[in-house]
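Annotated transmembrane segment per TrEMBL: A:6-26, A:62-84, A:96-117, A:129-154, A:166-185, A:225-250, A:256-279, A:291-308, in sequence order.
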């Protein structure tokens, strides 16, 4: 019991820290692409501390507060089910479909909070977010179907184990197609250009985030950091082989090595998203829907059908 | 008097008494008793079913032997009817306007019980018609056009069923399920050994097609769904909780009856695709289309009742997919989803009933900011939204999860993609409902809106509680479902569903969600205090705003979606049926004009022609 609590706490701490580092990396890499120096890597942490320590906060009612808390709570929940190397709290229940759903539900909380503020920009942002969700769901669904059909199991951990013997998922053609589609979907899940339609800075004043300030925004920053970590981790687990290192004699060394390998994979996933995000301008929402229902869907559906044969 | 008869006829009797006495207070009491009695007997029957496998009753009437049988599957369906019917009747205490509604609402409940408990095709058909008639009369009271559309399609379906029953009777010579099932089974055996079969390939195709139409109409299957949006919305919304929650399940149950009666023979005749029987695959594919069409149209509605009507169609699609795939697991998953659909959709329609009762408005453009005025109803809506959108740990997720795993595990990528799309679209239209009704600015005329009346609140409470309990302990339902096949199809404990290739634990999810929320709440409460500001104190590109500005987007929320789908939305089955209807009317007019033309000589000519035909025939 105590061990579980400790483990969960450490995972949470690690995920939050690495997530913030990822946010820092995004800012630095984007800056370097633009030939700027950029902020230090720990800048998002400073930002969050500043936001959390604001003296005056506003609220628009109970749901406004609860939505934010729910969003962070649900993100933490999602994190607990994704296998993190050999350490994980609930990896036996880390079911593909469950995790796919769990990665989406924090949005429900953000949406609830944003909409209860009654701000028209927030409403607009919610609309765009929902249509993006609808658009990405088709290729995402096919990618998950391809994975489940290829491996015959829904357990993420078992998929990681299977990749230890069969090679990474992306070395198999059906799953390579699924991975490509999923990676295009990730761009929207991270909220990076060209699919940052939901937040759209400069266009709709940050959309759902427009009314949040102070500690609400701070909590959302933490949520974003953990979500970034969880999403990259999930992708690395199902397509890039995860990491189960058993080369060392000491279990602690093994764990550290697994985490390091995973971290490299996660950063690789993140880098692709940054590189694409830095050079593409934003789509409009109907363009995004048409795009996702065309190319990624065709690619992922081909993968799913090939995996079923 | 057998208890099965009490279960079936108690609602009807209560309805007739309520209609005759028509005293305010008494009729409500009678109605509630009429709905509670069958539920009590069903719960009692659970014990009996544990010791003996079924309860049977038959009556001889007008040359027919009407047989009723209560066993595992139809006990589950009858329980859906019992619980949701009871909740809907409680809701009607607040919303029913006169004794007319009590009579027909309870009559349709009797119809549903009869359909679920029937063990021969004659009583199945008769109760099917009672159910249709009761619900038709409920819609007729509110909107004639909608009711006629519903009635025409239902009659079309019912007589398709009657023809199918006729064909079966002509060949088999019996109407009771056991004999028919035996006959089809033997026919399949004969076919396997190369002997002549009783039913030809075309016979089977016809019977299956006719049943598919009959049950498809009731379930709201694409493309026979067009009656549902009108009929579900143009009636007492408390009644719709039953209409959508229970009556549509009669169609689903009908699909299961196809499996039970004709299953082996159909599989023998048409074979399988992968693990799914080919005839089932047709049901599943239509179910998949139902999910997509119903969901997309739900997102584009501007009326709260219509939105949920289309949503109801969309959710039935899931059940059809599960039944269509036809493995033991997918059928259990489908029945599970039927249960959860009845629970959350019943809850939704009761919420709609409350909103309509308290505000008198049904369109999104007139509403907003009701969460503060109706906190209890909003809390119930919160549960229902989470459940329908498939958010763990509510029952909506457990059943969807089962369905996903059951379908995808059978290597059916297209169906898998369809159900994934369905889950996202569910999310989308629910948020639209949430935004337009509960949040944002409140129009000034809604300022003195009161919360739900007590009977409605109790009814909603019952359904919401079941949504939560079955979500946290999904094994409770799974255990009962396993008894259908007599083996452990869905393994696990009360809190856990274990399929071998996937596991889901409702309790752990609840615990960790609570842990996560507590952590988030700690961070939240560590920060400085919050100050409450009104809705108008908001960012509007730096401009001051007052209540005169409408800041909440209430109309055409999903305009970009509409534009993206413009091409597809131009095709409408509703219009197609409308055109066919007009065409038939024109034809009748033409016939009347030319055949009954009022010319005596013309009638003399008809006589001459007939005589000529008879002469040529050699009479």
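The backbone N, Cα and C atoms fix where each Cβ goes, and this holds for glycine too.
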Check the transmembrane segment (A:291-308) against the transmembrane segment (A:129-154) for contact, please; criterion is three or more CB pairs under 8 Å, pairs 6 or more apart in sequence.
yes
When only pairs 6 or more apart in sequence are counted, do the transmembrane segment (A:62-84) and the transmembrane segment (A:225-250) reach 3 or more Cβ pairs under 8 Å?
yes
Lying 6 or more residues past either end of the transmembrane segment (A:256-279) yet within Cβ distance under 8 Å of it, the residues of that chain are 14, 18, 22, 25-26, 29-30, 33-34, 84-86, 183, 186-187, 190, 192-194, 196, 228-229, 232-233, 235-236, 240-245, 247-248
Should anything in the same chain at least six residues away from the transmembrane segment (A:96-117) have a Cβ under 8 Å from its Cβ atoms, list it; otherwise answer none.
60-61, 63-75, 77-78, 81-82, 123, 125-126, 129-130, 133, 140, 144, 147-148, 154-156, 159, 189, 207-212, 216, 220, 223, 227, 230-231, 234, 238
